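Undergrad: Handing you this structure, nothing more for now.
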Amino acid sequence: GLKEPVQPQVSCRYRCNETFSRMASGCSCDDKCTERQACCSDYEDTCVLPTQSWSCSKLRCGEKRIANVLCSCSEDCLEKKDCCTDYKTICKGETSWLKDKCASSGATQCPAGFEQSPLILFSMDGFRAGYLENWDSLMPNINKLKTCGTHAKYMRAVYPTKTFVNHYTIATGLYPESHGIIDNNIYDVNLNLNFSLSSSTARNPAWWGGQPIWHTATYQGLKAATYFWPGSEVKINGSYPTIFKNYDKSIPFEARVTEVLKWLDLPKAKRPDFFTLYIEEPDTTGHKYGPVSGEIIKALQMADRTLGMLMEGLKQRNLHNCVNLILLADHGMEEISCDRLEYMANYFDNVDFFMYEGPAPRIRSKNVPKDFYTFDSEGIVKNLTCRKPKQYFKAYLSKDLPKRLHYANNIRIDKVNLMVDQQWMAVRDKKFTRCKGGTHGYDNEFKSMQAIFLAHGPGFNEKNEVTSFENIEVYNLMCDLLKLKPAPNDGTHGSLNHLLKNPFYTPSPAKEQSSPLSCPFGPVPSPDVSGCKCSSITELEKVNQRLNLNNQAKTESEAHNLPYGRPQVLQNHSKYCLLHQAKYISAYSQDILMPLWSSYTIYRSTSTSVPPSASDCLRLDVRIPAAQSQTCSNYQPDLTITPGFLYPPNFNSSNFEQYDALITSNIVPMFKGFTRLWNYFHTTLIPKYARERDGLNVISGPIFDYNYDGHFDSYDTIKQHVSNTKIPIPTHYFVVLTSCENQINTPLNCLGPLKVLSFILPHRPDNSESCADTSPENLWVEERIQIHTARVRDVELLTGLNFYSGLKQPLPETLQLKTFLPIFVNPVN
């Protein structure tokens, strides 16, 4: 018979990289065809593009296996586990993850071999929460995750809001002062070494404290794989994650996702349970172009496509409703300008020190280690305080920084710190040029520093928005998802239980360590050597008798003044007794000769008139033995210390009632300068807040934190700091204001959630922090207390008290209240 004529080849389909043959007719598809100008017209699309593309196309479906492709679209790719992530969608007609409805809240949908849901922690560097608010419609994958899963309005970074600092806090649940990575550039006098991101010293385990989540997992029998994370390539505590990658920013995001998916394909015996994934965007673009730019939108879309690729890859493995995924950022991004720089050269004739410049500056001696301890930090702060009518930074000694920052208790934190205004930077001199585009590092209360937090998977509640929280809480959350026991950390375990479908950990209430003693009503001591006098009291016996409450009156006082339970004392061997008055209750400490706390409730209508007769009137509390009482002679006129009141005597409804507060058990030692702030706060601001919130419960008291570690000092430590008076001087005073979130209800008849405002006010001799030594209080007090806002949890750690012990709600709800931080910062327009 006749042979069919050989048809000349016209396409490269199924022919890529074939061996060149001179006998073949038509066009070629071998790798040298371009040199001979003999390629088929579809050679580029069929044979070259697949080596550069991470996705399938109709043309690629069913392709013959090609060497060097990034991913495959051949018929056997599922079996070979090298398909592009969109293979099933493009080549098999399945719907994509993005087009699917949100998963139903059925049981965990895991394929065979996955008894426990893997956890992926995915960080998009510098993804500020505002980006998602403004441009969510341009990021369909992230928006779907937000819609279907759990997300927070924002997640608060720790200070300074830098990359390494926050990534390592997320991994350990520790504040920077606890884990040691206190900035991207650090000097440690004990090691006599400098740390920077680019130097090899960053790999020295001596810098890295705490236990990162990848170790917690491996120590408890799980496997952990990290595709980049600060600290993951350091031999911390003698070991690495099970699998880790050395940082290389040139690796494409798609290659990172593909590798994580390959790890999920490993046989069960080798497969990790915990994964990290990190991409540099939108941070890199934010630095270059600033947070409001067309370029940032492109970077966000690139980040969104990276998440989409991960989710499609998970769906292809039927893991999209099996894996728990946390998508978060380390910090936000702020716009900067070379017109907004504060130069140290404008404050010093000779800038003779070393300065870490930028949005979170620190200053130390340049001659280290020699002058490290003798450097005049106080002098520098003084020289930078109240120098100009308008300064765009405030200088602090680290021990005086707002306690909410937890940024003092580490030798690596230099003593001089500048808190810089939004969009400004503080630098040495005009040589500084890195002032265009965007940066981060500022106060973590600034809106521009807020980060995203989204979570999705069978462990999380669906379609759930939660209030903001701090990133120190994420470590405990990850431990719960992996069913691990966390290492000690700064988070409050259980405070994020409302994110989880079936919380793994149930917090238990704190146990009181010291119960109150009794302080019985007794006769007036004779002779009275207290040095106290009060000429306006004519009927002393009658006035004192008011302090002798019967049991029914005590119960009524407790219902009124302690609506959420009595603060419990978690310090050991604390000797104190409860003192009941009609309008306030206090816990008087025989160790420090002042109340540990005082609690009272004021209403919208509480009168705050100051009775003229009582301005200089004080007497001994007859319930306290003279030896355990403060005396008026402790306060000599030449001392800078004066008696201040915890419960204000002017919150009274009758002339007689004021005398209940004019007693030595209600006084605390205060610097005269501080009483200006304290008195204005109590006579003006607290009544104002009570009007706005339909009443307030107020608990206030002293704090002793001489070693500035953020935890209460022992009595031995306190005693070392008592000089020229037997009364110890507090380092701070706290005020916790609680009201009903539903403002139709007073604090006493509140059935729903509570609202809290708490403050930790540094007790300092002057008001230079506000440059207010001559200004009237209405111009500066409220702004100052707002800088020193804090969580109730911070107050608890600094006092050894436990608040809200009488609340009937589940404990995790109370922990949410205790970890809430009120924020007053106004965004820059």
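Using N, Cα and C of the backbone, Cβ positions are placed for all residues, glycine too.
Given the structure is predicted, the values throughout are model-derived calculations rather than measurements.
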Undergrad: In Swiss-Prot, CYS534 is paired in a disulfide bond with which of CYS479, CYS617, CYS632?
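TA: That record, Swiss-Prot, gives the partner as CYS617.
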Undergrad: Disulfide partner of CYS740 per Swiss-Prot: which of CYS750, CYS771?
TA: CYS750
Undergrad: Have a look through ASP125, ASP136, ASP304 and flag the one Swiss-Prot assigns to the divalent metal cation 2 site that THR163, ASP330, HIS331 belong to.
TA: ASP125
Undergrad: Disulfide-wise, see what Swiss-Prot says CYS435 is paired with, picking from CYS338, CYS386, CYS519, CYS532.
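TA: Swiss-Prot lists the disulfide between CYS435 and CYS338.
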Undergrad: Given Swiss-Prot annotates ASP283, HIS287 as divalent metal cation 1-binding, which of HIS151, HIS406, HIS440 belongs to that site as well?
TA: HIS440
Undergrad: Could you measure between ASP283 (divalent metal cation 1 binding site) and ASN652 (N-linked glycosylation site) for me? Cα positions, answer in whole angstrom.
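TA: Here the two Cα atoms lie 56 Å apart.
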Undergrad: Round to a whole number and give the Cα-to-Cα distance in Å for the pair CYS71 (disulfide bond) and CYS84 (disulfide bond).
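TA: Per the Cα atoms, CYS71 (disulfide bond) and CYS84 (disulfide bond) stand 5 Å apart.
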Undergrad: Kindly report the helix/strand/coil residue split of the domain 'SMB 1' (8-51) according to DSSP, in that order.
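TA: When I sort the residues of the domain 'SMB 1' (8-51) into the three classes, I find 13 helix, 4 strand, 27 coil.
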Undergrad: State the Cα to Cα distance, in Å, between ASN383 (N-linked glycosylation site) and ASP330 (divalent metal cation 2 binding site), rounded to an integer.
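TA: Cα-Cα, rounded: 34 Å.
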Undergrad: Between C-alpha atoms, which of these recorded positions comes nearest to CYS110 (disulfide bond): ASN17, ASN237, ASP330?
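TA: Smallest Cα separation from CYS110 (disulfide bond) among ASN17, ASN237, ASP330: ASP330.
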Undergrad: Expressed to the nearest Å, what is the distance separating CYS322 (disulfide bond) and ASN237 (N-linked glycosylation site) at their Cα atoms?
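TA: The Cα atom of CYS322 (disulfide bond) is 32 Å away from the Cα atom of ASN237 (N-linked glycosylation site).
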Undergrad: For the domain 'SMB 2' (52-96), jot down how many residues DSSP puts in helix, in strand and in coil.
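TA: Split by secondary structure, the domain 'SMB 2' (52-96) comes out as 10 helix, 2 strand, 33 coil.
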Undergrad: Among the recorded positions listed here (CYS47, ASP125, CYS632, ASN652, CYS771), which has the Cα closest to the Cα of CYS16 (disulfide bond)?
TA: CYS47
Undergrad: Excluding ASP283, HIS287, HIS440, please set out which residues of the same chain place their CB within 8 Å of the center of the CB atoms of the divalent metal cation 1 site, keeping sequence order.
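TA: Result: ASP125, GLY126, THR163, THR284, GLY286, HIS331, MET333, GLY438, THR439.
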